């Protein structure tokens, strides 16, 4: 593995604070630690100055004016130097283990501009033991030393053996040496390259993300591909010259194109019209014959259509008559179905209402009972309330009376009187005149017992009354049922009538049960009756179609006869079909054969024309395809011999051209590289020194120098040695001769001259013998003589080459003609004449058409008979299964009988349906009708008498009770006793009054509550009665409506009615369908007859017009044929292949040619007048005159000295051969020069892919780089969308834009720019020229967009910008970008330097304290992995674990400022090692 070059040390001489200081640089990281002003930036500035000694770039910002609006004159360098000579040197060792010291001598220039003078130099071959400070300083004594100026340094080094000192006048040479020796990574050819390198170093020095670099990453990372641009420029220049030549050839071809165009268009114009007239004459004859045939056929068709029209009209009238009857039957059936459906719906409603009425009846009876009970309770409540009211009133009156009695003191007397009155009333009621107050209690018990007895008797009578009332209601119910069923009758007749109704109900139920079987039987018989009627209709229709009446017994025999006739007709029809198919097949085969022959005929005619042309061109007659192929092989052999000779002549011509070009080089150099090497070495070509040698001396000097005649004469060979190292771009043998080019002679050789030869003694043991060359080339005179002879030879070769090219071109055209003939016409050229075969096939086709017409007429009659027989068999097939129905005469009577029985059963069913419920209710209670409960009135009277007796007993008992209660009143005899009892009675009356009022209140409340309940019961009752009456009324209405409908509503009635309606609808639909068919057919027949009539008239008119036209055109055609034959142009005008084109195509062809001819002869007055006269369509012979005039005009313009032929067509062919040869030669040259757009796209795309892969490899080295929150750094390389679209179009869709790249007015760069503008119209191109834009588009770098991204914390990947990162993160990210750029430069420059060189890698970092320990460790790891050296500057607190650390402290001692430096290498277990190279205190190290 090649070791990477390293910077060993940095030496500062006479810098501010550093007199002679050498810093040994660590292989990885060198840290400069110190406070502000310690000299860290000065040390780094010295390094940068030695690396890039360009004063236009150097600018150390941290020491210039902060905030200045203009740049400092010092730019930071002048103030870092001391007066006198200063040095900054870099000691390096490269991959070849060569020690190289490069550096600069700096010196302040006096003046206010504060300028600095810089001189770069390099030292090679310096021993390792010599330190850089020893070279540039001279020790005066122990305490003093002197800095050597540059000239003394040069003398000192020249005195040292093996040491080379080089001073450079240009920075380019200085950097070129550094690149070649592996000190810098990139060859810096220009100021732009140096600026990029300085920006890189500056960015690394000050840290962070440099916007100057990130904005132009493409320039830093992507190499320029200038070779592609140069190749395109050369290509465009050659193409421009070639196109100019081709344009000149096209101008020359214009005359040839005009002649060819005139002949071609004139031939098309006249031949198309000539053949159109010939075709029209033949077509008119064919049309006349066709019109005559069609006229005869149309007359026959019209007669057949007339017969057909009469038959269909008769059948249509029959169907129209039958349709009215079917419509009436169908309407009646539909109405009947609607009535049945209505009756069924009415019946369903009746049944539903009857069920509702029964339910309402039950609810009504229940509600009547509830209302009766409520009324009784209401009466009791009213009586109780009335009694309570009376008692309250009585007590109040008693209390009022008592109060009054108190006032008059007569109360006792009143009570006594009342007691006496009560006793008298009891006596009166009880009829006890002896009743006293004392015996009243005994009589009270007697009358209470009597009251109890009367009450018991009344209750017994009440029970009997209830039972009698029930019997009376049952009798009334049964009587009402009988009245509802039978009508009004006497009550004594109810029993007999009820029994009769029950017996009749049983019979009616029995009949009603027979409704369904009778209905099914009737439906079956009606179906059979309808089938019988249909069979009778079919039989009548069949007899009508056959034109004869047939008996039922004759139908089977007739059926067999018709089947036999169908079989025979089917065989004949089948045979006729096969015969017709055979005829049609033969006709189709003939037609297909004729069509194929007509399609082949133009091809065969074209093949014959091509074959005749070939025979004329080669003078051979070809009778078979073998003759053609044999002649083609001979032609190929001749062509191959001519091509070989032409290529030999061409190769010799090219060799002569190359030799002329080589000899025409200035100075006689045959290799351009020699001129570049001579300029590089500072020498002169030997051929230039002897350029003036005479032609006679040229052979001697050429033999004298031999192979070294192309040597380079240099003043000093030792100075050329360094240029020869790694020199690859040179001839295999490069001769160098030391000498003065101004006074060079041939004394460098020891030579003996012989006869036409010399012997050169190169060394004591090496001689060279060289003869004089026959054609000397040494010297300008010899070269010019050789060039003259070569030019003469080139003229001969060019003439011979042109002759051979013409012959080859002619042979190739003949070969192409044969190839085209073989590829297109050989397969048909030697076949039989298709037109003769077409004529034979046409005659056979006419015979087939005549036979087919006769066969069609015969077959039509058989087909009609066959169809009639098939219709008869079809009708019989429908009639024969119904013969038994036709023979059944009693079917209608049986239907009537069953219908009558069904009517009786349906009447019984209606009776049962109407009165079934009443009979069912009457049957369990019919027995109550046997006796009429007339004693019910007597029982009612007894009950009323019992009630009166009970009331009388109650009154008597009450009167006795009152006497008993007033028994005390009888003792009131005086008023004193009466007054003494006033107080007690008053209180008792008041208590009874309160109790009576409370009782009255309760009675009123009970009366009101029960009254509300009674009202609700009455409302429910009224609602039920209303609903019952409404439904009863609706039921009666529905029954009346059902009776009014007059239709039997049973379960099968609807189905029967629907079947009947559907049958009639099917018959009506069939009749209408047949009628519509007949109407359409009749309309079509009438239209066909009208069309045939019009067609007959038109055919008659067309036939007579065509006959007249044929006769009229015959005279004009004869005149045209005479003119064609007289002028001998029939061969060119009678193009038989045009006979197969239509008239429109020929007319279009002629019109197009006419338009082209008007333009072609616009400048020729004679041809223009003849052409205008030929446009008359009524005078076709004038077109022939125009064609003859064109041929005569072209014959007069053929140059017989160049083209010896009288035929203009042949002359054009010869001219075309020569011009085609020249065009092909130049076109092939242009194709060699041109490059396709797809190739351009591929080159650019491959370059982009290569660079993307390279960037991807660079990204891999930065995957694990992390600074702070930045976890990784990467570089994104994307193709711009607009440019990607351009590449896609160039590679995939370039055919759509060939108008740009095939344009002769645009170069490739301009076409590319135009395409870019076409694809991106939104982009403003400004004032830039398309050529400039196109050249930019040829640079692949303009297609790419590059940006740096960092993976930072939770933000993920984002664009690397200083504002989005911390200071340390920005420094680390910027360092990663710079490392990537350096690595990219190395990869880019690897092919430019030696393979055994691996350049040095070194970057800077000032103010590294902004990085944390982890970031510092990452930098160390990055340096170790990439073998990169890093110089960082940091304050006191930086203490790296690896590398070398220098502690800088600036001190002032005796008015002298110097920097105290202490260095230590890493952290080792032992004590820090003092580094060598310190020239101050013993503890200091450098």
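The backbone N, Cα and C atoms fix where each Cβ goes, and this holds for glycine too.
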>> I'm validating the feature mapping. Which of 745-802, 1151-1208, 1209-1266, 1267-1324 is tagged coiled coil in Swiss-Prot?
In response: 1209-1266
>> Can you identify, from 222-258, 259-295, 444-480, the stretch that Swiss-Prot calls coiled coil?
In response: 444-480
>> For the coiled coil (977-1115), what's the mean pLDDT in this predicted model?
In response: 80
> Taking the coiled coil (509-603) as the reference, which of 326-418, 835-923, 977-1115 gives the largest number of Cβ pairs under 8 angstroms?
Replying inline: 835-923
> For the ATP site given as 34, 35, 36, 37, 38, 39, 40, 41, which other residues of the same chain have their Cβ within 8 Å of the site's Cβ centre?
Replying inline: 1433, 1448, 1450
> Of all the binding-site residues given, 37, 39, which has the fewest Cβ neighbours within 10 Å once its own Cβ is left out?
Replying inline: 37
> Judged by the number of other CB atoms within 10 angstroms, which among 36, 41 is the least packed of the binding-site residues?
Replying inline: 36
>> Among all protein chains shown, how many Cβ atoms are found within 10 Å of the Cβ of residue 38 (ATP binding site), not counting that one?
In response: 24
> Using DSSP and three states only, what is residue 34 (ATP binding site)?
Replying inline: strand
> Tally of helix, strand and coil residues over the region 'Flexible hinge' (666-783) according to DSSP?
Replying inline: 44 helix, 26 strand, 48 coil
>> For the binding-site residues listed here (34, 35), tell me which residue's CB has the most neighbouring CB atoms inside 10 Å.
In response: 34
> Under 8 Å Cβ-Cβ from residue 40 (ATP binding site), six or more apart in the same chain: what's there?
Replying inline: 32, 33, 34, 1406, 1433, 1434, 1448
